[in-house]
Amino acid sequence: MTATLERRESANLWARFCDWITSTENRLYIGWFGVLMFPLLLTATSVFIIAFIAAPPVDIDGIREPVAGSLLYGNNIISGAIVPSSAAIGLHFYPIWEAASVDEWLYNGGPYELIVLHFLLGVACYMGREWELSFRLGMRPWIAVAYSAPVAAATAVFLIYPIGQGSFSDGMPLGISGTFNFMIVFQAEHNILMHPFHMLGVAGVFGGSLFSAMHGSLVTSSLIRETTENESVNSGYKFGQEFETYNIVAAHGYFGRLIFQYASFNNSRSLHFFLAAWPVVCIWFTALGISTMAFNLNGFNFNQSVVDSQGRVINTWADIINRANLGMEVMHERNAHNFPLDLA
C-alpha cells in the first residue's frame, strides 16, 4: 500500500513538473527546448565573460607563438577576443578532461570550442523553443523559420567553415577585431566579395534595414485624424498608445505616388510577409555561400579576363581586388608558412 501511494505521488509530481515546464502562463516560457537552452546559453555566456577577461594566450597556429586575447593580457574591448582553438587540435573534440592539465587546455584554446558548441546548441534550442511556444499558443511556425536565418549564419562561420578547412583554428574569433580579421582573411582566401550569395546577403541586410525604416516611418506618419483641421494631428494621440493609429490605405496612396503604384502594398499581410522573407531568404543564401566556400568553392575569378588585340591585360576592378587579396594573404599567419601555398 505504501509503495503504491509513493508511486502515485511521484507520478503526480512529474505531471506537475511537466505542466509547469510547458505552461504558457509562466512569465517566461520554459518549454522542453528551454530545459536544454537555459543551461547551454548560461554556460557559453559565463565561460565567454571569464575567458574574455582572464584567459591566457592561445597557440592558435600550432607553432608555439601564443596570441593573447583577454583584457588582463593587455587588450581592450575592441582588440580583445576569445582566440580560436589551436591548429594542433584541429577538429578534435577537446573538453577539459582530454587535456593533461587545465593550463594545457587553456594554452590550446579549449574555451573557444566550449563556448562555440554550447552557443550553437543553445541558439538551436532557442529556435526550437520559439516553435514550441507558437505551437502551444496555436500560432503558425514562421517566427522560428525567420530565426533560422541567423542560426544558419552562426552555424556556418562557427562550425561548417572550420569543418571544411579542417580545424577550429579557422573559426571566427569571438571579438570585434577578431571578427574583422576573420572577414579579411576570408576575402583573401575565398574572394567572398565576388560570390553571388554574399551579394544576396548584402542586399538582404541593407534592403531589410531600408524596408524596416520605410515601413516604420510610413506607419507613424499615416495617422488617422482624431482632431479638427485647426489642430495638429499629433494632439489626438499619446506616444505608445495601444490601439491602432494608422491607415494603410493612406500609406499605400502616399508611397504609390512617391515611387509608382505597384511599388506599394495595399495588403498588410503581403507587406509583412515581404518584410520577413526578404532578409531571411538572403541570409539563408549567405550562410549557404559560407558553407560552400568552407570547402573552397570560392567566389568568381575574373582576373586578367580583359585583354586588348595584342593580348595585353587591361586591368579591371577584379584585378584590383585580386592584388588586395594577395596582400592580405601574405600578411596573415605571417610565421606559419615559409611561402603561402595560395601564392605558389
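Each Cβ is built from the backbone N, Cα and C atoms, and glycine gets one as well.
Of the listed segments 29-46, 245-262, Swiss-Prot assigns transmembrane segment to 29-46. Taking Swiss-Prot as the reference, the stretch among 175-196, 197-218 described by the feature transmembrane segment is residues 197-218. Of the two recorded stretches, the transmembrane segment (142-156) lies close to the transmembrane segment (274-288), with three or more CB pairs under 8 Å once pairs fewer than 6 apart in sequence are set aside. Other residues of the same chain near the quinone site, with their Cβ within 8 Å of the Cβ centroid of HIS215, SER264, PHE265, are MET214, LEU218, ALA251, HIS252, PHE255, ASN266, LEU271, PHE274. Mapped onto three states, the DSSP output places ASP170 ([CaMn4O5] cluster binding site) in helix.
Taken residue by residue with DSSP, SER264 (quinone binding site) is part of neither helix nor strand, so it is coil. In this record, quinone is bound by HIS215, SER264, PHE265; the longest C-alpha to C-alpha distance in that set is 11 Å.
If you look at the transmembrane segment (118-133), the same-chain residues 6 or more away from its ends with a CB under 8 A from one of its CBs are 24, 29, 31-34, 36-37, 40-41, 43-44, 47, 139, 141, 143-144, 147-148, 150-151, 154-155, 158-159. Within the chain, the transmembrane segment (197-218) has long-range Cβ neighbours (under 8 A, six or more residues past its boundaries) at 246, 251, 254-255, 271, 274-275, 278-283, 285-286, 288-289, 292, 299.
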